Amino acid sequence: MVLLCLFTHESVQTTCVIKCVCQFQTGGTMSEEPPVTPSWLTPDPTAWASGGGGPMDNSTSLGMFPPDNSLQPSQLPLLVNPWDIVLCSSGTLIACENALVVLVIWQNPALRAPMFLLIGSLALADLLAGLGLVLHFTCAYLLRSDSAQLLTVGLVVASFSASVFSLLAITIDRYLSLYYALTYNSERTAAFTYTMLVLLWGLSLCLGLLPVTGVNCLAEEATCSVVRPLTKNNIAVLSVSFLLLFGLMLQLYVQICKIVMRHAHQIALQHHFLAATPHYVTTRKGVSTLAIILGTFAACWMPFTVYSLIADYTYPPLYTYATLVPATYNSVINPVIYAFRNQEIQKALWLVCCGCVPASVAQRARTPSDV
């Protein structure tokens, strides 16, 4: 900035030009490229416009910080959003837990039945989702690049989509195993399982590639959803798809409950004591287990799904994180429900951990509560 000052002396008129150059140092040169915000949320370009560090509005990203004119970019303080730390910690737990399941199924040749392939697909999807959360945190706060952000968000979207699709595939498999009990262990079942795996992973990969191939809001922040850089339309498609899948899973579990209760009733009539038979008690446990499975799935994903449909980037960031974090917990619970409760996987885990199988695990018979 050049200031030209002209002033006059009383006896001698002199014209002096005083040049005062004031340069705001931001790494030596001014860049026209907007800064990358290390957050899932849309940055607010006016957050620090007043220069006084005033309060941020609802669309402000939690990863922003006021500029310090005396520091180079490498010396600027990097404020870490505590919610991002929570997501990174959840991702680490998810990755470690599901890596154990994937390793056990991969190393045990006995676990090659369609049911275990689907459980392995679920564990692999959750494993990749956990890694995606960790990579997103790392890239956002270290690389601070839009390209890296798109890749990691694409990985997270594809992985969580594969996780939900795998849950649907497991539900379909459980329904078919009860409805076609006599022909379930045929080659047709294996071929159908492989077809489901190819379809679910192919569709999940397509959904994950959308942000990378240009369906994102980096060029126009006003189109952002509650999760940057996904657009409002993109996340609406994901949310509606989830609601449809949840409705289909609910219908299948209702049919499973009817089949299980009908079988239990027929067996109980043969013993003439409906409520006193052990099989009826275990069947009731099986129905309760199905209710817990479906209820847990809905409790984890439904808040974020509904919120992402009605909200946009102008909503408070706290609401986004408060609904997104519980959704990630579903991937923490999945191994407990679908893998660690399975008798065959329990045996494999005991062999891996201590080289032996307890008698209580080896002799436990499969019951309807294991559905």
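A Cβ is built for glycine as well, from the same backbone N, Cα and C atoms used for every other residue.
Summarised as a single figure, the pLDDT of the domain 'G-protein coupled receptors family 1 profile' (97-338) averages 87. The domain 'G-protein coupled receptors family 1 profile' feature in TrEMBL is assigned to 97-338.
Long-range neighbours of the transmembrane segment (83-106) within the same chain, counting only residues 6 or more positions beyond its ends whose Cβ lies under 8 Å from a Cβ of the stretch, are 38-40, 62-63, 116, 119-120, 123-124, 126-127, 129-134, 136-137, 140-141, 317, 321, 324-325, 328-329, 331-332, 334-335, 339-340, 345, 348-349, 352. Summarising the annotation, TrEMBL assigns transmembrane segment to 83-106 (among others).
TrEMBL lists 118-143 (among others) with the feature transmembrane segment.
Long-range Cβ contacts of the transmembrane segment (149-170) within its own chain (Cβ-Cβ under 8 Å, at least 6 residues beyond either end) map to 36, 115, 118-119, 121-122, 124-126, 128-129, 131-133, 135-136, 139-140, 193, 196-197, 200-201, 203-205, 207-212, 216, 218, 227, 229-230, 238, 242, 245, 248-249, 297, 301, 327, 330-331, 334, 338. Residues or ranges marked as transmembrane segment by TrEMBL: 149-170 (among others).
If you look up TrEMBL, you'll see 191-215 (among others) marked as transmembrane segment.
Look at TrEMBL and you will find 235-254 (among others) tagged as transmembrane segment.
What TrEMBL records for 287-306 (among others) is transmembrane segment. Residues 164, 167, 239, 242-243, 246, 249-250, 253, 256-257, 260-261, 323-324, 326-327, 329-330, 333, 337, 369-371 of the same chain lie 6 or more positions beyond the ends of the transmembrane segment (287-306) yet place their CB under 8 Å from a CB of it.
Sequence-distant contacts of the transmembrane segment (318-340) (same chain, at least 6 residues past either end, Cβ-Cβ under 8 Å): 40-41, 83, 86-87, 90-91, 93-94, 97-98, 100-101, 119, 122-123, 126, 129-130, 133, 160, 163, 167, 170, 226-227, 292-293, 296-297, 299-301, 303-304, 307-308, 311, 346, 349. Under the heading transmembrane segment, TrEMBL lists 318-340 (among others).
Same-chain residues lying 6+ beyond the ends of the transmembrane segment (191-215) with a Cβ under 8 Å from its Cβ atoms: 114, 117-118, 121, 125, 150-151, 153-159, 161-162, 165-166, 168-169, 172-173, 176, 229-231, 234, 238.
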